[in-house]
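Step one of this worksheet: look at the structure below.
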Amino acid sequence: MSSGLWNQEKVTSPYWEERLFYLLLQECSVTDKQTQKLLRVPKGSIGQYIQDRSVGHSRVPSAKGKKNQIGLKILEQPHAVLFVDEKDVVEINEKFTELLLAITNCEERLSLFRNRIRLSKGLQVDVGSPVRVQLRSGEEKFPGVVRFRGPLLAERTVSGIFFGVELLEEGRGQGFTDGVYQGKQLFQCDEDCGVFVALDKLELIEDDDNGLESDFAGPGDTVQVEPPPLEINSRVSLKVGESTESGTVIFCDVLPGKESLGYFVGVDMDNPIGNWDGRFDGVQLCSFASVESTVLLHINDIIPDSVTQERRPPKLAFMSRGVGDKGSSSHNKPKVTGSTSDPGSRNRSELFYTLNGSSVDSQQQSKSKNPWYIDEVAEDPAKSLTEMSSDFGHSSPPPQPPSMNSLSSENRFHSLPFSLTKMPNTNGSMAHSPLSLSVQSVMGELNSTPVQESPPMPSSSGNAHGLEVGSLAEVKENPPFYGVIRWIGQPPGLSDVLAGLELEDECAGCTDGTFRGTRYFTCALKKALFVKLKSCRPDSRFASLQPVSNQIERCNSLAFGGYLSEVVEENTPPKMEKEGLEIMIGKKKGIQGHYNSCYLDSTLFCLFAFSSALDTVLLRPKEKNDVEYYSETQELLRTEIVNPLRIYGYVCATKIMKLRKILEKVEAASGFTSEEKDPEEFLNILFHDILRVEPLLKIRSAGQKVQDCNFYQIFMEKNEKVGVPTIQQLLEWSFINSNLKFAEAPSCLIIQMPRFGKDFKLFKKIFPSLELNITDLLEDTPRQCRICGGLAMYECRECYDDPDISAGKIKQFCKTCSTQVHLHPRRLNHTYHPVSLPKDLPDWDWRHGCIPCQKMELFAVLCIETSHYVAFVKYGKDDSAWLFFDSMADRDGGQNGFNIPQVTPCPEVGEYLKMSLEDLHSLDSRRIQGCARRLLCDAYMCMYQSPTMSLYK
């Protein structure tokens, strides 16, 4: 997508700003001229139209033959000014802009925009509306009533519209607010009975339907309507000046909001004369329109090629995109009486054919751009769909079917209007590309009908051949169709279970995952085929691979091909700040989880995504005492996990399973490929038994021998006086109570929180100290006197809890201060010990107050909730520079589907880390917004690094 970034400064006087808004249909990657860094503007972003003041306060069309460009100020990135091609954006009205802007995920925003009916219904949702709310993905929807409608924050030119909903019935207690947002009471309800959501999480409950998701009439509906008076693909003429021009009908329907005006017709002209891009009032009505050759006119201005053209017999209303809105379906479309026919079952092959969501009888097919559905394949695989036409599979058009009167009622709606052919390559050869396993949630262009999302329905577990979602399948044709099953279910109005396949090759007339106006999955355009499940067979080309024996081997199957990640030989340091952010955030980012791997995925992400503290582990040459698979493990970690993660932001489950298999080679280690494990088990096996890493920590207890370990588990009794402890306090308490000291300053310190198992936590919240001062925990290190700041000579453990002297701090004193402190009657019996100091300590350092501090920085936090590990990592210096990672954030398919990892920014964490401990203690955990609750309440391991020490280790 061509675009230009003019500046990153505040847009002020050089531009007029008009209240016109556009949605980006393509992603922009543009260069910031100041920093020379790429700025990513994803598709689905919303921009406000701007005009150079020197041009004037209006839009000026480009010269003929040149591409029109539009200047936009991106609302989510208000300092960026883009100039984009007009074809890469779609204009949206301000009311739609407000509804869409509240949806922060640009892909979900674009998906909702394409569902025109649902978006329009969003305008009807107001205070008092009964709704259902989707609180969490994959869970049931809760009933509620809208109590607030409006912006939460009004800091932009236009603000997103949010809905404050009071949850009812089983939803009570499932919310997170009582109507208060950032200290402001926006509505009132009981505690934890309210939520603030955008339209994408909302569904309007109406008396006459099942909500926003049921706005399209399906084939099971008994309502009958009169079809549009002009056939799609019929030939027509129109007067242009003194001449007559011809074209093909690509749209015939009423316009939304203008139903009283009657039908309008979109005509694809034979000659390049046109003025319509397929949109009306910001809504896409026709995907095949081209502004250079398409016109939109009232039906009275259109001359059919045959003025006496017979009207089609009435049939079930498979409503087109213009008919889908209930409001429009009743205008100018009288009901037609008559019996409806049930397609029934047939012994021979038949096809449904749908265009723009409507069932259409056979007709001349000039442009193969239509979704289609194979109703049935003959039980004998040798019998082909070609029974319907001897020319099937060739480019010539099929013979004209018999008239409607000659068809039986069961066959009336089943015809073959085009030749099914695979799309040729540019060189004329047939395309045989590898399986397309795309799982992107939206298409890059607005080239599909705005469709309703698929209604929830139970998926079939498979058929007699053991096929299920994710299986490689074929439809026995000549030539066969190969693909991956993406969906199994029973659409409304059909008695058979269908399979939705994503085909290997493009096929004329296939969709991008929609069937009869409903989206069941998403793939590239012209690759979605819907066929009866019983007509599918396992892919004969890979018979030896089916079925996959178990979950351990599944991630090495061909079905995982679309999720593979790269191999990178070159050593790669972590990318930080904005550069790292651009690489890492989004869906299918991070490390893909599979089969109880979250403990390992999250630990690796914490250790390597944005830290190089342990990079020496990846570089040490093999020694004679190393295990035989040392090099294999190290190379796998370096080239297939760490380097790809840092460059591309993604590692697939196949690579992680290879590592899990290696872990099981260790004697006394088992279950790493299948069972739930804890991070400490993984670290001990990897670091101690396989890589033989020099222990990260060397700790001495009361003059005993130094003990080596790779992480430190905090053991202590609960202090009832402390509400929210910091990591600094916990570590010092634990060391004081156990009389421990670090024998060496660590370069990487992994601290395990005081909790027992996955469930019992000693503290409800723990404050993750961003900086850890370990000076007082080190042996042979100069330390400051707690009283005067001079060189400390003695340490007293019994003074630790004394409230009169820096309560809760380790106490060390110079000789003079120690004498004075222990003259107090309460401290006369204290036993204090000399502080161990370096033998060659320069005398002038401490006399001039130059006693250095050893500090470590927090770089990651590993969390667990209900046996599932997730990670928080810090990608920059700012307190809000936090990312949240979940290796199993989403799912593609059912039991044998695939997990989709996701990395999301969570800047709200920074705000909570600025709060005082008292405020955090008094804050109800359920009121903590976003991901921050998991960081503060579910911490399992906190990881610190020393920027200076890591240079030497």
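Heads up, the Cβ atoms here are built off N, Cα and C, so glycines get one too.
Of the candidates Ser29, Ser415, Ser471, Swiss-Prot records phosphoserine for Ser415; the remaining residues carry no such annotation there, which does not rule it out for them.
Looking up Ser234, Ser419, Ser441, Ser540 in Swiss-Prot for phosphoserine, the annotated residue turns out to be Ser419. In Swiss-Prot, the annotation region 'B-box' applies to 778-830, one of the ranges 778-830, 884-936. Within the domain 'CAP-Gly 3' (489-532), the DSSP-based counts of helix, strand and coil residues read 0 helix, 18 strand, 26 coil. Taking a C-beta cut-off of under 8 angstroms and a sequence separation of 6 or more, Cys785 (Zn(2+) 1 binding site) has the following same-chain neighbours: Leu791, Ala792, Gln812, Phe813, Cys814, Cys817.
Broken down by DSSP into helix, strand and coil, the region 'B-box' (778-830) contains 13 helix, 7 strand, 33 coil. The Cβ of Cys788 (Zn(2+) 1 binding site) lies under 8 Å from the Cβ of Cys814, Thr816, Cys817, each of which sits 6+ residues away along the same chain. The record gives Cys785, Cys788, Cys814, Cys817 for Zn(2+) 1. Within 8 Å of the mean position of their Cβ atoms, the other Cβ atoms in that chain belong to Arg786, Ile787, Gly789, Gly790, Leu791, Ala792, Phe813, Lys815, Thr816, Ser818. Averaged over the region 'Interaction with IKBKG/NEMO' (467-681), the predicted model has a pLDDT of 84.
Across the domain 'CAP-Gly 2' (253-286), DSSP assigns 3 helix, 13 strand, 18 coil. For Cys814 (Zn(2+) 1 binding site), the count of additional Cβ atoms within 10 Å of its Cβ stands at 21 [all protein chains shown].
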